[in-house]
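One structure is given below, encoded as structure tokens.
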Amino acid sequence: MEIFYFLVFGGLASIVAVLEFSKSSKDRVNTSTPFNSFKNNYLVVYSLMMAGDWLQGPYVYYLYSQYGYSKGDIGQLFIAGFGSSMLFGTIVGSLADKQGRKRACVTYCITYILSCITKHSPQYKVLMLGRILGGIATSLLFSAFESWLVAEHFKRGFDQQWLSVTFSKAIFLGNGLVAIISGLFGNVLVDTLALGPVAPFDAAACFLAIGMAVIMSSWPENYGDPSENKDLMSQFKAAAVAIASDEKIALLGAIQSLFEGSMYTFVFLWTPALSPSGEEIPHGFIFATFMLASMLGSSIASRLLARSSPKVESYMQIVFLISAAALMLPVITSFLVAPSGVKGGGISFSGCIQLMGFCAFEACVGLFWPSIMKMRSQYIPEEARSTIMNFFRIPLNIFVCVVLYNVNAFPIIVMFGMCSIFLFVASLLQRRLMFIAELQKPKSQDWTTMRELGTEEEPLNA
């Protein structure tokens, strides 16, 4: 393997280690023992859930190809997964708010385990069913767990700032360390032990089952709006009204869709971008490097969120601008660096430049997740949290389905340029969100003061 990959990986690992071991009291939030116990319980569950997800990711396409399906057939299977998440996401989100977030988390485990079981069959219809189940599970993973955490956090009377500690640790572990370990573990199962491409899915099912047991034995139930006379349609209307009546929620949803849409598009594009002439690149090692870069971002986020300044609404503008510049690199190098024209071989000079940019983008992803979680906890109303969060995923899933369907219709630099523009727009929307939040800050402070004084006076509508 070329020394360049080891230099990038080693450099990132060194920076992460320095950041983690050099944290001062200003970079840490003083918490309580009950909160630490609550946080650690959630982190164990979240890490198990993410292990179940990360183990599957690198081998889905490979498994389908081993069953003899073409690129077009596999593309339809992927579209089915995102389409399922779009169609059923709002329904399962509303059910989570009404029937209970703990039940929704258990449902995630069961649904994803069933999806893993379908991978044993080479039948296209069975695999399609698995993708539909996986789409439903994905909607629950990115809404039910966070909704349960936020509700339970405030129910137990913990400080709001402590949420950022849980968010940053969850991303550092679940989207960083666990992802790296899962990738290496999956490689051992498939290549070293030669158990076949289905083995990671069986291992994922085991981790999901363990996590489900922990949830059922240690998590209490909490709800959004448990009123018996509120059906699903009423919940949809309430969520839509909340988004339409509060510009902050609408902006947050647009920002999330733009960033995540670009992120999922990047997942499909980075391989052909780094090997346009069939260069041999170590996919697994590069994936681990990306996850290490994401850990770097989450480590930086934990420091920023622990301080009162800069505000999350402020520094995220810079994060989106950096991510836009990073995904513009393939466009720039295509004009400034002449292609080698040699088939095969190692990574090219332009590929090295792009890899550095992609690591910067992954660091922005690590910053994005705990920061967007923090903003969602501030702006999304508790009674419809899961429903609104899954509303946000509708445009995201539409965008990804369109990209998948037309992935061969546009040059790769056009796709990267489009993502870069989306991220620049996200930066502008983030600036607007910061402006509105600053305007309304006195009202929110007055509301907080009234609550502390025990008054029952309702705050003015924002």
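Including glycine, each Cβ sits where the backbone N, Cα and C put it.
Feature annotations, reproduced from TrEMBL:
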type: TRANSMEM; residues: 6-22; note: transmembrane segment
type: TRANSMEM; residues: 43-62; note: transmembrane segment
type: TRANSMEM; residues: 74-96; note: transmembrane segment
type: TRANSMEM; residues: 129-150; note: transmembrane segment
type: TRANSMEM; residues: 170-189; note: transmembrane segment
type: TRANSMEM; residues: 201-219; note: transmembrane segment
type: TRANSMEM; residues: 285-306; note: transmembrane segment
type: TRANSMEM; residues: 318-341; note: transmembrane segment
type: TRANSMEM; residues: 347-369; note: transmembrane segment
type: TRANSMEM; residues: 390-406; note: transmembrane segment
type: TRANSMEM; residues: 412-429; note: transmembrane segment
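Among residues of the same chain six or more beyond the transmembrane segment (412-429), those with a C-beta under 8 A of the stretch's C-beta atoms are 251, 254-255, 258-259, 261-262, 265-266, 269, 272-273, 276, 317, 320-321, 323-325, 327-328, 330-331, 334, 403.
Remote same-chain partners of the transmembrane segment (43-62), defined as residues 6 or more beyond its termini with a Cβ less than 8 Å from a stretch Cβ, comprise 74, 78, 105, 108-109, 112, 116, 141, 145, 166, 169-170, 173-175, 178-179, 181-183, 185-186, 190, 197, 200-201, 203-205, 207-208, 210-211, 214-215, 219, 283-284, 287. Same-chain residues lying 6+ beyond the ends of the transmembrane segment (201-219) with a Cβ under 8 Å from its Cβ atoms: 41, 44-45, 48-49, 51-53, 55-56, 59, 63, 102, 105-106, 109-110, 112-113, 116-117, 119, 148, 152, 185-186, 189. Contact between the transmembrane segment (285-306) and the transmembrane segment (129-150) is absent: fewer than three CB pairs lie under 8 Å, with pairs separated by 6 or more positions in sequence.
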